[in-house]
Amino acid sequence: MLILGIDTSCDDTSVAVLENRNILSNIVSSQIKFHSKYGGIVPEIASRKHIEWIWDVTEKALSEAKTDLKDIDLIAVCYGPGLIGSLLVGLCFAKSLSYASGKPLVGVNHIEGHIQAIFLEKSYPEYPFLCLIVSGGHTSLYRVNDFGAYKELGRTRDDAAGEAYDKVAKMLGLGYPGGPVIDALAKEGCNEKFNLPRPYLHGSLDFSFSGLKTAIKVLLKNLGYKEGNVPDEIKKDIAASFQTSVVDVLIEKIKWAISSEKLNRVVITGGVAANSELRRRAEMLKDKGINVYLPSKSLCTDNAAMIAITGYNKFLKGEISDLFLNARAYLPL
């Protein structure tokens with residue numbers, strides 16, 4: 001079966017073609033250069049770029065997969081959560097293709113897509129397993145009992161981890177997005193230079209990163225530096241200290257979840273799962289007998305392949321969406 005996957009949930013226009021569970025193409029067109037000067041994503045710009053690019057990206061995905069639209073058997077599309085204007089572009093496009101071709105349509109939850117991304121890899125866990133989704137919009141822990149059977153164990157109470165990265169990067173004058181540049185700078189800094197808080201929220205598997213962000217703001221003030229005007233060496237040390245604090249919390253929460261759920265299989269996914277320090281620390285958990293699974297970096301960030309495989313699995317269970325499917329900015333799993 002050939003599946004066409006479409007994801008326009010945020011600022012990446014992505015289209016993929018899968019043959020069952022095998023990736024034939026997975027095209028991602030990034031809008032970063034259009035948003036970076038604003039320090040974050042501008043929803044209207046994101047929507048307009050999706051409209052401009054969606055057909056070209058689809059043609060590229062089909063071409064790379066050496067197939068044609070008429071050969072596609074199933075169309076899977078992300079319908080939430082995300083930016084409503086962005087979601088509507090991909091959803092309306094997918095519904096139009098479905099209507100014109102008569103091919104079945106399956107709507108996919110973006111968060112479920114991140115969880116299922118690991119099954120695109122050669123190495124993946126048996127059910128049940130724990131899953132940490134950590135990205136710019138989400139930081140949540142789930143117990144995954146089976147496909148479609150998810151129990152939320154904890155979530156962020158304020159800023160998601162990726163959002164905290166972006167906000168700290170802005171304070172340091174590093175631009176947008178903050179994750180990759182902080183990750184790179186942290187390798188050159190001392191992570192013990194500044195003693196930043198670790199918001200563990202003892203007794204809970206929830207997350208909270210707003211206090212850590214505030215601690216950086218106070219630190220800059222105490223050091224006598226204005227936001228956006230910080231010496232390079234200080235930037236490096238703050239980046240290293242901040243990243244260590246975030247990763248410490250994420251790893252500790254995983255350990256707590258393993259203990260409470262009596263499970264030693266863990267998937268870490270989402271855009272922040274591409275972070276080198278988080279991946280390094282996650283690999284170290286294997287020394288403690290914990291089975292850790294990380295998608296390749298290209299499958300951690302937003303992509304349509306994860307939407308396609310999730311749609312495929314839903315289709316196999318007999319789940320099909322109609323043309324009245326609506327985009328949902330907020331969509332619980």
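Residue numbers in this text run from 1 along the chain shown.
Including glycine, each Cβ sits where the backbone N, Cα and C put it.
Feature list (source: Swiss-Prot):
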{"type": "BINDING", "residues": "His110, His114, Asp302", "note": "Fe cation binding site"}
{"type": "BINDING", "residues": "Ile133, Val134, Ser135, Gly136, Gly137, Asp166, Gly179, Asp183, Asn275", "note": "substrate binding site"}
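Minimal Cβ crowding within 10 Å, among the binding-site residues Ser135, Asn275, is found at Ser135. Highest local Cβ density among the binding-site residues Gly137, Gly179 belongs to Gly179, counted as other Cβ atoms within 10 Å over all protein chains shown.
The record assigns Ile133, Val134, Ser135, Gly136, Gly137, Asp166, Gly179, Asp183, Asn275 to the substrate binding site, and the maximum Cα to Cα distance across that set is 18 Å. Cβ crowding, taken as the number of other Cβ atoms within 10 Å, peaks at His114 among the binding-site residues His110, His114. Within 8 Å of the centroid defined by the CB atoms of His110, His114, Asp302, the record's Fe cation site, lie the Cβ atoms of Asp7, Ser9, Cys78, Ile111, Gly113, Ser135, Gly270, Asn303, Met306, Ile307, excluding the listed residues themselves. Asp302 (Fe cation binding site) counts 27 other C-beta atoms within 10 Å of its own C-beta, drawing on all protein chains shown. Taking a C-beta cut-off of under 8 Å and a sequence gap of six or more, Ile133 (substrate binding site) has these contacts in its own chain: Ile111, His114, Ile115, Thr139, Ser140, Leu141, Tyr142, Thr269, Gly270. Of the recorded residues, Asn275 (substrate binding site) and Asp302 (Fe cation binding site) place their C-alpha atoms 14 Å from one another. When the Cα atoms are compared, Ser135 (substrate binding site) and His110 (Fe cation binding site) turn out to be 12 Å apart. Across the fold, the C-alpha of Asp302 (Fe cation binding site) and the C-alpha of Gly137 (substrate binding site) stand 11 Å from each other. Distance from the CA of Gly137 (substrate binding site) to the CA of His110 (Fe cation binding site) is 11 Å.
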